Amino acid sequence: MQSWATDGSVFFLGRSRPPLSPRAMIPAIFLMGPTASGKTELAVRLADALPIDIISVDSLLVYRHFDIGSAKPSLALRQQYPHALVDIREPDEPYSAGLFREDALHCIALARERGRIPLLVGGTGLYFRALECGIDTLPPANPALRQSLMALAETAGWPALHQRLATLDPEAAAGIAPHDRQRIQRALEIILGSGQTISGARHWQGTFPGPLYKIILRPPRSWLHQRITQRFDVMLNEGFLDEIADLSARHYAPELPAMRAVGYRQYFTWHDGLCSAAEAYQAALAATRQLAKRQDTWFKRESAHYYLDPSRDDASSLLLQMATRPRQGEVHSIGWDNG
């Protein structure tokens, strides 16, 4: 079994801080990648080889009842390989990057106290950023400006406001879908209210406790698109349409984040009789591919110690190599061609 160095030789993030206890020096591992890139499969294979506690980093998996369309690990799998921060909120209960950071830090501390490795697995880049760097300090909400944007959206439509956002802040617009009204509204509210781009107005406050290193999955696009289609077909066979009907019967507000999640949003439109099943299927696939593209764009801006191509047959063994030999300040591309 791998024994972890406790002499400070592993990679350290953040400002200098008092010496940590030996167990606090167990490095946390971030396993990050776009949707359908095989993160869960790789995580459980790693858990077969190392004393790992899996902690989910997914803004949709926190919600109960959203199971099939979110590709949530099955209950049977979670009984064998427990996943923290899954099914911890009702869909109408608020959750945020700040709350996630509090919950994740607690889970990391518990894992280290037990002498286990915290493995944080997911695709929600903002949650990873909040956990690593602290909470951002964006300007507060501006109700008057928000009301004005809502009125404009009613006449011009959210895609038009997204185009306006792309003119004012191309970087922010690239990470937001044209129909994601909540994020478009907030982005424009910040930019128009502060006169700054999102990155200019954002200031991160906080540090990560103890050592940390990051592994980013970089799948080939054609392979990922094929997996997205295959996974969606599996979801439909597993009863995704029944899940849509069940969620509709619960009468959740349509503007809730979970209700507007990729895949769900398109099939709620079908359930309401506004499109055909074939149209919903194609729209859901297209939206999922766009989500994967946005996630990949986010992770390309992240620094990491390792990059891994999950399409490789030996991806699990390569991941084990990465997880058992952290290097101070080095970057490796094991099993991934960045050329």
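A Cβ is built for glycine as well, from the same backbone N, Cα and C atoms used for every other residue.
Swiss-Prot lists region 'Interaction with substrate tRNA' at one of the ranges 177-181, 182-186, 207-211, 217-221, namely 182-186. In sequence order, Gly123, Leu217, Pro219, Leu224, Arg227, Pro310 are the residues of the same chain, not among Gly33, Pro34, Thr35, Ala36, Ser37, Gly38, Lys39, Thr40, whose CB sits within 8 A of the CB centroid for the ATP site. Each of the binding-site residues Thr35, Ser37, Thr40 was scored by how many other Cβ atoms lie within 10 Å of its Cβ, and the smallest score goes to Thr40. Residue counts for the region 'Interaction with substrate tRNA' (182-186) under DSSP, split into helix (H, G, I), strand (E, B) and coil, are 5 helix, 0 strand, 0 coil. Contacts of Thr124 (site 'Interaction with substrate tRNA') defined by a Cβ separation under 8 A and a same-chain sequence distance of 6+ are given as Val57, Asp58, Ser59, in order along the sequence.
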